[in-house]
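A.B. asks: Positions annotated as transmembrane segment by TrEMBL: 41-63, 75-94, 114-135, 155-179, 215-238, 250-268, 288-307. The domain 'G-protein coupled receptors family 1 profile' annotation in TrEMBL covers 56-305.
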Amino acid sequence: MNVSDVICFDILVSAMKAENQSFGTDFLLVGLFQYGWTNSLLFVVVATIFTVALTGNIMLIHLIRLDTRLHTPMYFLLSQLSIIDLMYISTTVPKMAVNFLSKSKTITFMGCEIQTYVFLALGGTEALLLGFMSYDRYVAICHPLHYPILMSKKICCLMVACAWASGSINAFIHTMYVFQLPFCRSRLINHFFCEIPALMSLVCQDTSHYEYTVLLSGLIILLLPFLAILASYARVLIVVFQMSLGKGQAKAISTCSSHLIVASLFYATTLATYTKPHSLRSPTRDKVVAVFYTIITPLLNPFIYSLRNKEVTGAMRRLTLY
């Protein structure tokens, strides 16, 4: 019996003990990796990333709130993105980090349900909000004269409300449906947090019809905004090239490319998770892919969208001087 088999056996024993103690109501999270010797190192790495992500998003929210020059539609939407990322990474990473050092990796049925709902709601909201942010840049560059009308305060608030409401309703429907399904006796979730694709493998009935519902939701909430982002930035680049401004072209290309890279990372990984049939899934691959949209994206967003921006860096300098 090799080391990985011993660790897997220990996890199964822990799951049986946790199940007996909680009358079958608790779940047990396997975690990111199943090799005990890496847990301390992973804890340090994840805790550091979590701290940096929190600091970056909090600083950006603070800057936008304090500096009146940043009270524009673009930064209003950006502040909402930072708030979402702040909550998003806090939904999964703290429990994940604690489990690296804890022998008990259980999560209660209610805790798992709440984590699933909050994670889905925030993920859906972010997916829609990124689409609205690309529309803001499209209007600002391609229709600057109409920008005050098309991106008024009322319209911005409606966009944000639409994103939050749509993400929350979608998450509520899926969470309520999944958690009323019959789970098998084994409550071992081969993941580092409660996510619907990982939970579906524990269900004791055919879920093929429900997978079509998940696919449809993924296409609407993930694919449509991503296509809107690609179309918006394509149009922006066309307009910029028509202006024939050397430095302006270089700056626009740099900005659009960095935004597209981060957006593509988020949408590609989430689409790969939520539109893939259950028969084609690999738990190990799914966990690695999940790291990108649960940890890496919230870490990169405040730096890609703000620290490369002269207005934000200027606001930071002004704030440190006073």
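Cβ atoms here come from the backbone N, Cα and C positions, even for glycine.
Unlike curated records, TrEMBL annotations are generated automatically.
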A.B. asks: Please give the sequence-distant neighbours of the transmembrane segment (215-238): residues at least 6 beyond its ends with Cβ less than 8 Å from one of its Cβ atoms.
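C.D. replies: Long-range Cβ neighbours of the transmembrane segment (215-238): 124, 127-128, 130-131, 134-135, 137-138, 141-142, 166-167, 170, 174, 252-253, 256, 259-260, 263-264, 267, 270-271, 274-275.
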A.B. asks: At a Cβ cut-off of 8 Å, and with pairs 6 or more apart in sequence only, do we get at least 3 pairs between the transmembrane segment (155-179) and the transmembrane segment (288-307), yes or no?
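C.D. replies: No, the stretches stay apart by this measure.
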A.B. asks: Sequence-remote contacts (6 or more beyond its ends) of the transmembrane segment (75-94), Cβ cut-off under 8 Å?
C.D. replies: 46, 49-50, 53-54, 57-58, 60-61, 64-65, 115, 118-119, 122-123, 125-126, 129-130, 132-133, 136, 156, 159-160, 163, 192-193, 294-295, 297-299, 301-302, 305-306, 311
A.B. asks: Note the mean pLDDT of the domain 'G-protein coupled receptors family 1 profile' (56-305), expressed as a whole number.
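C.D. replies: Result for the domain 'G-protein coupled receptors family 1 profile' (56-305): average pLDDT 90.
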